[in-house]
Amino acid sequence: MIKKIGYGVVVGLSATVLLLSACADESQDTKHDVSPDLENAIETVNAEANTPEVIEPHKELNDDPVPLEIERDGTDVYINMTAQITDIEIEKGYNYKAWTFNGEAPGPLVVVNEGDTIHFTLENKDPAIPHSMDFHAVHTAPDKGFANVEPNEEGTFSYQATKPGVFMYHCGTAPVLSHIANGMHGVIIVQPKDGYPTDHEVEKEYAIIQNEWYKYNDLDDMTNGVPSQVVFSTKALHEGQSNTNGTVTAVKDEPLLAKVGDKVRIYVNNVGPNEVSSFHVVGTVFDDVYIDGNPANHMEGLQTVMLPASGGAVVEFTVKEEGVYPFVTHQFNHAQKGAVGFIKVTADGKDDGSEVGGH
Ligand SMILES: [Cu+2]
């Protein structure tokens, strides 16, 4: 049913890292008990903590996005991707020097068919650190199939996609949390060989991904803190659809479109890295849900679908009236941090130019 992929949007610059309040409190409490030398040392540490934690060789890097390459020969699919450093404006005026696949975060949407053999090549354009690819859609010995590709090198790996679904992919290089939270995540859809039983009812389909952002390249914040932004992106499944990065306004500024009466299908995945998503579309009930996107996991009549970190689903619902239907994670502390998008439903399915509001 699906075809085609697009590309992402990027901008330039760097980011700052804020001082942990715990450190500030500690320096405050001990202020009168320490020698002037130690006091100076504390100030120096605090000053350093305010500088961006960009790895030295990444400082001047901002590689343009490289289009995903996919070629098919029967059931052999050749996929070429890059690991690269690219700035992403995750919030207005805040650029994050992301570690990415192909210059997008989440990375480009990959679509293959159940039973395909994937021949995957990763070109690591990062001059400083190794990267790798862990496709949740395949069976392989991770130390071989998901092995590191060293800086400025290429690695090729082969495996079969035997299960249909909406799977996460991510860099699996240690520390994995740094690589995922810095932007190295995405989605691979494996289309079921016999389709979904509701294929003939669906008029519109989209792909949506949820991810979190933390303080820049701050493994402590990624490990012990809470996300600074929780966001949605949409990836082009069909020609002409938007293809965005995970930013706080990505699916607000350009809402998804549908026509009154349409049955809408969304391929959704929560790439985390840490948080669960409680995916809900306001003003509808999901008629059909395929947990993890496998037709065998068919459920009906769900209000909210829980997506564990890395979990996916295919959800389908019918939009019965004109209007703006927000989709959220119903963990509203995360909706407050950005995880809201809009589906605009009009009489003819075209954008009537009206404001969606609610940013
Ligand atoms: Cu990596």
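Placement of Cβ uses the backbone N, Cα and C atoms for every residue, glycine included.
Please treat TrEMBL annotations as automatic predictions, because they have not gone through curation.
As recorded in TrEMBL:
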BINDING   His131, His136, His170, Cys171, His179, Met184, His330  Cu cation binding site
DOMAIN    85-193  domain 'Plastocyanin-like'
DOMAIN    233-342  domain 'Plastocyanin-like'
SIGNAL    1-24  signal peptide
One residue among the binding-site residues His131, His136, His170, His179 has the fewest other C-beta atoms within 10 A of its C-beta, namely His136
Excluding its own, the Cβ atoms lying within 10 Å of the Cβ of His330 (Cu cation binding site) add up to 17
Among His136, His170, Cys171, Met184, His330, which binding-site residues lie by ligand 1, judged by Cβ under 6 Å to any atom?
Cys171, Met184
Tally the residues of the domain 'Plastocyanin-like' (233-342) by DSSP class, grouping H, G and I as helix, E and B as strand, and everything else as coil.
9 helix, 55 strand, 46 coil
Just counting, how many other CB atoms are there within 10 A of the CB of Met184 (Cu cation binding site)?
28
Per DSSP, three-state class assigned to His179 (Cu cation binding site)
helix
Spatial neighbours, same chain, of Cys171 (Cu cation binding site) - Cβ under 8 Å, 6+ residues apart
Ala83, Trp99, Phe101, His131, Ser132, Met133, Asp134, His179, Ile180, Met184, His185
According to DSSP, which kind of secondary structure is Cys171 (Cu cation binding site) found in, if we only use helix, strand and coil?
coil
According to DSSP, how is the domain 'Plastocyanin-like' (85-193) divided among helix, strand and coil residues?
10 helix, 52 strand, 47 coil
